């Protein structure tokens, strides 16, 4: 074997690995974590912890396919602005490591696959909800709202709320009020979570021409909005306590108090003209949501008596 042949044979695995990692990056695995954090507790609450583990697994697979497909299509649509932002400049399409056509096909295959997987392993409603989520995220949020309004994440964030609806419908075949409350929790949680991160990268959004609220409003205006939505989030988690036991209710109160304290600290710091660390609220908002939904899962598995007596 010549030196050139040996070099090519050794380089092939490296190229394959690079390609696989590039396609994986298109799916935004960290974003998919929200699916795992919220969908499983929703399914457990739907049947008070007695859900078939295989149904949970199949729903998660279908949900991950849907999220991966939506995220990939989002990368295709946002390739031009990703190149202008430091935070996203290393994404595969921004670096041209994956052809746009291939990424589009990849995203469509994942999206179609999610529908048929959920339809075949759960029910038609969960499959249709997955398709609706993908369509909303790509067409309404990415193509319509993101570049046109500072309230983009408020309405566009509805797509991130759908895993609880998909999970609930996979178990029950219907949509009931606890699923709508969980939807509302994530809906209200999304703006403070996203805007806290956007405060850190507001110059990126300005450079890309994306009117994210921190890029077009004062810090005081942004933190006031963050505070309002944080209060709405916490109050909505308390409403869900009607369908749960004392464990979830206790954690919702304690975690909610902690989340509110952090939001007030950010707002008051900006109000006093002090240096603030919005990224801290962003990171802790992840922990808050994880703790609340983990408590919901444990409460459901233990089948603790609910405040409504059912």
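Positions of Cβ are set from backbone N, Cα and C atoms, glycine also.
The annotation transmembrane segment is assigned in Swiss-Prot to 31-51 (among others) on the grounds of sequence analysis. Sequence-distant contacts of the transmembrane segment (31-51) (same chain, six or more residues past either end, CB-CB distance under 8 Å): 59-60, 63-64, 67-68, 71, 160, 163-168, 170-172, 178-179, 182, 186, 243-244, 289-290, 293-294, 296-297, 299-303.
Look at Swiss-Prot and you will find 53-73 (among others) tagged as transmembrane segment.
Annotation comment: Swiss-Prot describes 102-122 (among others) as transmembrane segment, evidence class sequence analysis.
Long-range contacts of the transmembrane segment (124-144) within the same chain: residues 59, 62-63, 66, 69-70, 73-74, 77-78, 111, 114-118, 152, 155-159, 162, 165-166, 169-170, 173-175, each at least 6 residues beyond the stretch ends and with a Cβ under 8 Å from a Cβ of the stretch. According to Swiss-Prot, the feature transmembrane segment maps to 124-144 (among others).
Sequence-distant neighbours of the transmembrane segment (149-169) (same chain, 6+ residues past either end, Cβ-Cβ under 8 Å): 34-35, 38-40, 42-43, 45-46, 59, 62-63, 66-67, 70, 118, 122-123, 125-126, 129-130, 132-133, 136-137, 140-142, 175-176, 178-179, 182-184, 186-187, 190-191, 194-195, 210-213, 215-217. Here Swiss-Prot flags 149-169 (among others) as transmembrane segment, drawing on sequence analysis.
Per Swiss-Prot, transmembrane segment is recorded for 170-190 (among others), and the stated evidence type is sequence analysis.
The transmembrane segment feature in Swiss-Prot is assigned to 242-262 (among others); the stated evidence is sequence analysis.
Remote same-chain residues near the transmembrane segment (289-309) are listed as 34, 37-38, 40-41, 44-45, 48-50, 185-186, 189, 193, 237, 240-252, 255-256 (criterion: CB distance under 8 Å, separation of at least six residues from the stretch ends). Among the features that Swiss-Prot reports, transmembrane segment is placed at 289-309 (among others).
As a quick check, the transmembrane segment (102-122) and the transmembrane segment (53-73) clear the bar of 3 or more Cβ pairs under 8 A, pairs 6 or more apart, so the two touch.
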